[in-house]
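*Asks:* Here it is: the structure, laid out below.
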Amino acid sequence: MAPAWSLLLALLLLSCNAICSLGCHLPHSHSLAKRRVLTLLRQLRRVSPSSCLQDRNDFAFPQEALGGSQLQKAQAISVLHEVTQHTFQLFSTEGSAAVWDESLLDRLRTALDQQLTDLQACLRQEEGLPGAPLLKEDSSLAVRKYFHRLTLYLQEKRHSPCAWEVVRAQVMRAFSSSTNLQERFRRKD
């Protein structure tokens, strides 16, 4: 358990440093909100992942949307916004309230909302720059389709605790990938 916690902490620290280099000035509260989101997602785990092995599924995570070499900074911010928005919507459903503690979900939604606010301000700033490309439609569509597959899976599994555990792990993967995207841009700067 300690190595997993150490890895999570390392990803969080990378994220905090990396987000500041995306070309806009996100407040320190954004870094704290990202840290809170990952911590809260970890705390949501109520079912042992090993007991849900039969529920695993390949949701075809759109890694190319987060890792394409042609992705510009403004596009990266748009992808991060898209992932955060869909995560907020996913954990705002009635099905999520039936599985997890409402207080914990409220804290998660508050942290996600803070991230959305920061990213929206950043998007407005980036859109004002001359020649700033907007999100490629295929990246946006790939993220939307991914979250749609997660939603359909939850419906198919009738929002079972194991289904939510699988989805929770997928969302953590998406946030980890967004951290990697942020780190890639930090290294370029």
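Keep in mind that glycine also has a Cβ here, set from the backbone N, Cα and C atoms.
Bear in mind that the values here come from a model prediction, so they are computed numbers and not experimental data.
So Swiss-Prot says this about it:
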- 1-23: signal peptide (SIGNAL)
- C24-C122: disulfide bond (DISULFID)
- C52-C162: disulfide bond (DISULFID)
*Asks:* From the Cα of C162 (disulfide bond) across to the Cα of C122 (disulfide bond), what is the distance in angstrom?
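*Replies:* On Cα coordinates alone, these residues lie 36 Å apart.
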*Asks:* Given the disulfide-bonded residues C122, C162, and counting only Cβ atoms in the protein chains shown, which has the most within 10 Å of its Cβ?
*Replies:* C122
*Asks:* Just how many other Cβ atoms lie inside 10 Å of the Cβ on C52 (disulfide bond)?
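*Replies:* So the Cβ neighbour count for C52 (disulfide bond) comes to 17.
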